[in-house]
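Novice: Mind having a look at this structure? Questions to follow.
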Amino acid sequence: MGRAPCCDKANVKKGPWSPEEDAKLKSYIENSGTGGNWIALPQKIGLKRCGKSCRLRWLNYLRPNIKHGGFSEEEENIICSLYLTIGSRWSIIAAQLPGRTDNDIKNYWNTRLKKKLINKQRKELQEACMEQQEMMVMMKRQHQQQQIQTSFMMRQDQTMFTWPLHHHNVQVPALFMNQTNSFCDQEDVKPVLIKNMVKIEDQELEKTNPHHHQDSMTNAFDHLSFSQLLLDPNHNHLGSGEGFSMNSILSANTNSPLLNTSNDNQWFGNFQAETVNLFSGASTSTSADQSTISWEDISSLVYSDSKQFF
């Protein structure tokens, strides 16, 4: 068993209300009131309407304090904020809006405000995404600028504090190279000196004695004995304490035609002076006094200068 019907549905009119029906219902309620019984009210007025339909028509449309027309922007914001907070509880939302019924609010929400809110949220979401993308782009640009600045500073530091290790075109001063080459090991200096002496001696002999070139084979022994005498490590050149000069070599080997001329003696003296000036850094002189410089002095200069250099 269910609840008894409020009216005879066969004799009840359905559909929209006419202006005459609205006027009858409004005038009766304003004069007599509802009486607390909406079921018996249609029979008293003479309307072929259901009691529920009369109640809803009065509450939603015919009351004197109801607002008709569109919703203001402030009302829309209140409806949206309350809907996001409590959902579709229209009676509670209508209590916050004087003059608005829950039915009007629900209809307005479903027809217009819902779409408007969705579009607004979509636009805000797009704007937030755009702002986030712009922030990401700005952060990337700042990061790239920082990387460029750091790399530039590192390059400046490398160019300021890094010594060029692989520069093959660096020009070393000639004076330093000459001094370095002059203070080499004596075992490497002696053969070069002897070779130069012999070569210059041959050139001088060809100029002074053109027929001497034919006797080169006979003079080779003299050159060899002179070279071996200088290069022999077992021979004590400086052990006797006496000056081992070029004059002693000239007097010892009298058979050689190279040592019998005054020009040769003068050439050996000049060569000694040039050799001493080469190791000491002084200018070359060809005076007759420098011809008395001994090989002992040359050896002492070579050893002392090489020790100081190394």
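Any Cβ shown, glycine's included, is placed from N, Cα and C.
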Novice: With Swiss-Prot as the source, which of 90-113, 162-185 is set down as DNA-binding region?
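Specialist: It is 90-113 that Swiss-Prot describes as DNA-binding region.
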Novice: Residues sitting near the DNA-binding region (90-113): Cβ under 8 Å, six or more positions beyond its termini, same chain?
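Specialist: Distant contacts of the DNA-binding region (90-113): 56, 59-60, 65-67, 71, 75-76, 78-80, 82-83.
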Novice: Mind looking up the mean pLDDT for the DNA-binding region (38-62) in the predicted model?
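Specialist: Result for the DNA-binding region (38-62): average pLDDT 88.
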